[in-house]
Each structure stands twice: as C-alpha cells, then as structure tokens.
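One structure is given below, encoded as structure tokens.
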Amino acid sequence: MTDKIAVLLGGTSAEREVSLNSGAAVLAGLREGGIDAYPVDPKEVDVTQLKSMGFQKVFIALHGRGGEDGTLQGMLELMGLPYTGSGVMASALSMDKLRSKLLWQGAGLPVAPWVALTRAEFEKGLSDKQLAEISALGLPVIVKPSREGSSVGMSKVVAENALQDALRLAFQHDEEVLIEKWLSGPEFTVAILGEEILPSIRIQPSGTFYDYEAKYLSDETQYFCPAGLEASQEANLQALVLKAWTTLGCKGWGRIDVMLDSDGQFYLLEANTSPGMTSHSLVPMAARQAGMSFSQLVVRILELAD
C-alpha cells in the first residue's frame with residue numbers, strides 16, 4: 001500500500017497566496033509522479049489530526065511563520081510524522097535573519113555589515129551610539145524584518161530622511177529589524193537537494209531590488225541559469241553555500257541567497273528552508289538546468305523526508 005501524503009499549503013502567514021500557488025504546483029507534480037497526495041490548508045484543517053486522517057508523510061509547501069519557522073516541524077515530530085525539509089532548529093534559525101547572520105559570522109563566513117534594532121529601542125528613540133553605527137553603514141541601506149520572507153516589509157533607503165518610514169514599515173512585521181549595508185553587485189541563489197548543489201541562478205530584477213513584486217508578479221525580472229560565473233567563481237560560491245547550509249544544520253532541500261559585491265566578494269543574505277515552488281520559482285529552474293523535471297524534483301524532495 002502506498003503512503004498517503006499531505007501537501008500543506010496556504011496557512012496564515014503573510015505569504016499565504018504564494019504558498020497556495022506553491023502547494024498546487026507540488027500537488028500536481030507529486031500526482032504526476034504517481035504519489036497519492038492531497039492538499040491540506042492549516043487555515044481550514046486542524047493539522048494535529050493529520051495522523052488520524054490517515055496521512056503517513058507530509059510535504060511542507062508553507063512559507064513564512066507557522067510553516068517554515070520550526071513550530072510546525074516540532075509538532076510533526078511529536079506526532080511521529082515524517083516531513084520534508086529541515087528540522088526544528090534549522091528551520092527556526094533560517095527564518096530568523098539576525099540569528100542566521102550571527103551564526104554565519106561566528107563561523108567566519110562573509111555577511112554584509114548590519115545594525116539590529118528592537119521595536120522597543122525604536123519607539124524609545126535611537127541612542128547616539130546606534131545612530132553612529134547606522135551612519136557608518138553609509139547609504140543606501142536595506143531595511144528588513146528579521147523574521148519575514150518573500151521580501152515582505154523590506155525597503156531600500158537612499159536618503160537619511162527616509163529611514164524612519166522604512167523602519168516603521170519593517171516593525172509592522174516583526175519585533176526585530178535589520179539595517180544592512182547595500183551591496184551593489186548581482187544577486188545569486190543556490191539550491192540544495194539532498195547532498196547535491198544545483199547550478200546557481202543569477203537574478204536581475206527590473207526594479208531597485210528583488211522585492212515581493214519582482215519575485216512573484218513581474219514578468220520583467222530576468223533569471224540566468226547557468227549564472228555565467230567562471231568555473232572557479234561557481235566552485236567558490238557552491239563551497240560557501242554548502243558551509244552556510246551545514247552551519248545552520250539544514251537538510252533535505254532549500255536554497256541560499258547570496259550577493260556578489262563590487263569588490264568581487266560573495267556575501268550571504270539568507271537561507272530558505274521551504275522556498276517557493278511557483279511558475280516564477282528558482283529551485284525548479286535550477287533543477288531543470290540539472291536535467292530534472294518538476295515532477296522528478298518534488299518526488300525527490302519527498303523521498304528525502306524523514
């Protein structure tokens with residue numbers, strides 16, 4: 001008897017719409033691969049009942065809080081249900097950009113200079129020391145919530161008088177916010193599938209940076225896979241990504257986003273342990289370049305579930 005698979009999609013995070021699209025694609029791909037899969041939306045179904053509903057395994061196609069941050073993973077482990085992607089700790093760390101950066105920095109890996117602020121500090125008014133630290137980053141900077149995905153709540157700040165508004169927006173989404181030095185070079189993403197690192201992708205957004213619209217709505221964002229790097233650069237990038245992935249304790253599948261600055265140095269941005277799987281998504285694109293169909297990709301991700 002084949003396993004009955006729950007594809008978790010939708011949910012209640014800010015990335016619900018993206019997740020519904022990802023989940024629909026994953027569901028179709030699994031069924032094409034002969035898998036007995038069914039959609040389950042945690043917004044409508046009590047996921048503590050998955051086992052009593054007869055499911056033996058879970059494919060997590062949720063993005064953001066409640067699906068990608070370790071909470072769901074912990075519950076599935078308590079229930080004894082195997083699931084796709086990283087475990088509790090790696091999921092929680094990857095969702096938290098600040099703590100990812102601290103870990104990577106501690107491991108000697110390159111990250112962009114940043115200043116972290118809490119909502120309480122912002123509401124009280126920033127100290128002279130904090131203002132000096134922010135000023136030392138130079139302009140432009142990028143302001144982002146620490147625990148939000150899909151570039152939700154993120155802004156590029158090019159003038160000092162725009163910083164307060166950018167912080168206000170970011171604090172609508174999280175208690176902690178990062179102000180990061182703007183890196184001017186191209187952005188790359190590298191997907192990981194089991195032990196395999198897939199070909200890197202270079203991202204060229206039509207706007208200022210790779211924001212929510214560029215990720216999911218724009219037809220003008222350009223993707224290059226292969227990324228056009230020299231063989232030695234591609235090897236350096238893959239080695240950096242593998243180190244970043246293992247430092248966080250990630251497993252199964254996911255991707256890591258990286259910037260190449262004008263100084264020729266790669267800088268780690270963030271890890272995604274449950275990336276998008278829509279028509280615009282990057283992991284399927286990298287898999288295609290490696291000779292793998294979408295259906296083969298999702299079946300392989302499911303095989304890696306434990």
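Using the three backbone atoms N, Cα and C, a Cβ is placed for every residue, glycine included.
Per Swiss-Prot, active site is recorded for Glu15, Ser150, Ser281. What Swiss-Prot records for 134-189 is ATP binding site. The feature Mg(2+) 1 binding site is assigned by Swiss-Prot to Asp257, Glu270. Swiss-Prot lists Glu270, Asn272 with the feature Mg(2+) 2 binding site, giving similarity to another entry as the kind of evidence. Positions annotated as domain 'ATP-grasp' by Swiss-Prot: 101-303.
Inclusion criterion for the recorded positions Glu15, Ser155, Leu183, Asn272: a C-alpha placed within 10 angstroms of the C-alpha of Asp257 (Mg(2+) 1 binding site); this criterion is met by Asn272. When Cβ neighbours within 10 Å are tallied across all protein chains shown, the highest count among the recorded positions Glu15, Glu176 belongs to Glu15. Less than 8 angstroms from the CB of Val141 (ATP binding site) sit Ile134, Lys156, Val157, Leu163, Ile179, Glu180, Lys181, Trp182, each of them six or more residues away in the same chain. Of all Cβ atoms in the shown protein chains, 20 besides its own fall within 10 Å of the Cβ of Ser281 (active site). A C-beta separation below 8 Å, combined with a sequence spacing of at least six in one chain, links Ala162 (ATP binding site) to Ser155.
Here the Cβ of Ser155 (ATP binding site) has 22 other Cβ atoms within 10 Å, regardless of which shown protein chain they belong to.
Counting only the Cα atoms, the space from Glu176 (ATP binding site) to Ser281 (active site) is about 27 angstrom. All protein chains shown were included, and the count of other CB atoms within 10 Å of the CB of Glu148 (ATP binding site) stands at 22. Averaged across the domain 'ATP-grasp' (101-303), pLDDT for the predicted model comes to 92. In sequence order, Ala112, Met259, Leu260, Asp261, Tyr267 make up the list of same-chain residues 6 or more apart from Leu183 (ATP binding site) whose Cβ falls under 8 Å from its Cβ. With Glu270 (Mg(2+) 1 binding site) as the anchor, the candidate recorded positions are Glu15, Glu148, Leu169, Ser281, and the one with the nearest CA is Glu148. Ranked by how many other Cβ atoms sit within 10 Å of their Cβ, the binding-site residues Ile134, Leu169 place Leu169 at the bottom. Nearest neighbour of Glu15 (active site) by Cα distance, taken over the recorded positions Glu148, Leu169, Asn272, Ser281: Glu148.
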